[in-house]
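Q: One structure coming up, written as structure tokens, with questions to follow.
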Amino acid sequence: MAKRVAEKELTDRNWDEEDEVEEMGTFSVASEEVMKNRAVKKAKRRNVGFESDSGGAFKGFKGLVVPSGGGGFSGFGGSGGKPLEGLTNGNSTDNATPFSNVKTAAEPKAAFGSFAVNGPTTLVDKKISSPKCNNSNQPPSSGPASSTACPGNAYHKQLAGLNCSVRDWIVKHVNTNPLCDLTPIFKDYERYLATIEKQLENGGGSSSESQTDRATAGMEPPSLFGSTKLQQESPFSFHGNKAEDTSEKVEFTAEKKSDAAQGATSASFSFGKKIESSALGSLSSGSLTGFSFSAGSSSLFGKDAAQSKAASSLFSAKASESPAGGGSSECRDGEEEENDEPPKVVVTEVKEEDAFYSKKCKLFYKKDNEFKEKGVGTLHLKPTATQKTQLLVRADTNLGNILLNVLIAPNMPCTRTGKNNVLIVCVPNPPLDEKQPTLPATMLIRVKTSEDADELHKILLEKKDA
């Protein structure tokens with residue numbers, strides 16, 4: 001809507017006059033008949049529902065949706081699975097939650113919002129839907145050696161520890177840099193998960209805990225897990241590269257804790273600790289391995305400039321020691337400081353060797369009853385072979401463009417005007433108008449002082465009469 005225009009003009013004659021008082025109008029409510037004929041627009045949402053309903057790149061991503069089931073899994077990219085039922089630890093036949101004995105997974109706080117960081121649902125349906133121990137129907141024995149560890153229970157501990165470690169790592173780095181790319185994390189997560197599944201298939205349910213492990217579980221362990229047996233070290237590094245001696249090992253490690261009620265141990269994974277080859281060894285003898293992350297060279301979330309060999313690591317948290325780009329330049333010794341002053345333009349004046357008179361001037365030409373500037377240059381008076389005088393004005397440039405080049409004719413008007421001006425009428429060369437090159441024009445020559453103007457006027461009169 002355009003602004004209101006002033007109703008009367010304010011001048012020096014009516015500035016002291018009072019303005020007429022305007023009455024303020026009031027709004028009136030329109031009747032129902034008028035409102036029926038009016039089109040009332042209402043705001044509507046363009047995208048109704050969640051983004052995954054309408055498709056897109058994250059169509060299958062259900063991580064931000066609260067699981068509808070009472071318990072179970074909701075993985076990194078799938079929907080909620082079925083709750084685990086029928087899991088026992090060998091001493092009781094009651095149904096238990098999948099990770100009741102893991103403290104780190106008791107109250108899961110998701111890195112993506114409100115979903116539990118656990119394994120994918122396909123793993124639940126295939127592998128651990130309802131595993132049971134071989135001796136679940138036998139009465140429990142009082143001896144510590146009679147109770148056997150279920151392979152599914154050990155698998156659950158590894159899976160829970162892996163999930164919790166990935167969750168903590170993601171929370172830490174997402175809080176630091178929310179724009180980081182998490183795609184490679186899930187690819188490596190699948191590799192570790194496949195390794196755990198392979199161990200579950202190869203290990204079977206025949207592994208048992210010895211009395212030595214039972215005795216060391218309650219006291220302060222000499223190693224990280226409290227296991228007195230040396231396991232063969234077989235760390236898994238990302239992209240299949242072996243751990244380098246020069247690089248620091250950032251490993252998933254597990255701390256063993258005693259569980260009096262279940263008679264089993266719970267494992268929690270952590271980053272940044274160097275462990276021995278007996279990592280995860282107390283859960284099952286010889287079938288479990290440690291998960292190591294090489295802090296080698298190229299990394300998604302940082303890079304180690306001191307590492308020379310290219311062992312890739314996607315979870316390397318070591319900050320880069322060298323800048324990523326070369327945007328900033330360092331001052332070196334011996335460099336010349338830049339001068340803020342602009343470079344001076346050096347003009348080489350074109351000299352006329354045979355000129356007997358030269359003077360700086362500014363040339364104007366008359367057009368439409370006003371003088372317009374032609375340029376600044378040097379006026380030269382030169383003798384010719386026909387005993388006439390040539391008036392030449394060259395511009396003060398390196399090229400020395402010719403502004404005016406005429407002969408002083410006997411009938412050429414030449415007058416002294418103004419303070420320091422000399423007025424002549426001639427046919428300009430080069431012409432001012434290419435369509436009418438022979439049309440005479442009035443040229444005004446302005447010099448620095450009045451004495452210079454008098455001298456120039458005197459010389460022009462002498463040469464004109466000669």
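Backbone N, Cα and C define each Cβ position, glycine as well.
Okay, these came from Swiss-Prot:
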| type | residues | note |
| --- | --- | --- |
| COMPBIAS | 1-14 | compositional bias 'Basic and acidic residues' |
| REGION | 1-22 | region 'Disordered' |
| MOD_RES | Lys8 | N6-acetyllysine |
| MOD_RES | Ser52 | phosphoserine |
| REGION | 76-302 | region '5 X 2 AA repeats of F-G' |
| MOD_RES | Lys82 | N6-acetyllysine |
| MOD_RES | Lys126 | N6-acetyllysine |
| REGION | 128-150 | region 'Disordered' |
| COMPBIAS | 131-150 | compositional bias 'Polar residues' |
| REGION | 143-205 | region 'Binding to CDKN1B' |
| REGION | 200-257 | region 'Disordered' |
| MOD_RES | Ser208 | phosphoserine |
| COMPBIAS | 225-235 | compositional bias 'Polar residues' |
| MOD_RES | Ser234 | phosphoserine |
| COMPBIAS | 241-257 | compositional bias 'Basic and acidic residues' |
| MOD_RES | Thr246 | phosphothreonine |
| MOD_RES | Ser268 | phosphoserine |
| MOD_RES | Ser294 | phosphoserine |
| REGION | 316-343 | region 'Disordered' |
| DOMAIN | 333-466 | domain 'RanBD1' |
| CROSSLNK | Lys351 | SUMO2 cross-link |
| MOD_RES | Lys448 | N6-acetyllysine |
Q: Just the number: how many Å between the Cα atoms of Lys448 (N6-acetyllysine) and Lys8 (N6-acetyllysine)?
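A: On Cα coordinates alone, these residues lie 52 Å apart.
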Q: Run through the Cβ atoms and count how many others sit within 10 Å of the one on the residue listed as 'SUMO2 cross-link'.
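A: Around the Cβ of the residue listed as 'SUMO2 cross-link', 11 other Cβ atoms lie within 10 Å.
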Q: Out of these modified residues, Lys8, Lys448, which one has the fewest other C-beta atoms within 10 Å of its own C-beta?
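A: So among Lys8, Lys448, the modified residues given, the one with the fewest Cβ atoms within 10 Å is Lys8.
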Q: Would you mind splitting the compositional bias 'Basic and acidic residues' (1-14) into helix, strand and coil residue counts from DSSP?
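A: With helix first, then strand, then coil, the compositional bias 'Basic and acidic residues' (1-14) has 0 helix, 0 strand, 14 coil.
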Q: Whole-number Å only: compute the distance from the Cα of Lys351 (SUMO2 cross-link) to the Cα of Lys8 (N6-acetyllysine).
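A: Given the Cα positions, Lys351 (SUMO2 cross-link) is 66 Å from Lys8 (N6-acetyllysine).
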Q: Could you find out if DSSP has the residue listed as 'SUMO2 cross-link' as helix, strand or coil?
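A: Once the DSSP labels are grouped into three classes, the residue listed as 'SUMO2 cross-link' ends up as coil.
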Q: Would you list the DSSP helix, strand and coil counts for the residues of the domain 'RanBD1' (333-466)?
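A: Its residues fall into 16 helix, 54 strand, 64 coil.
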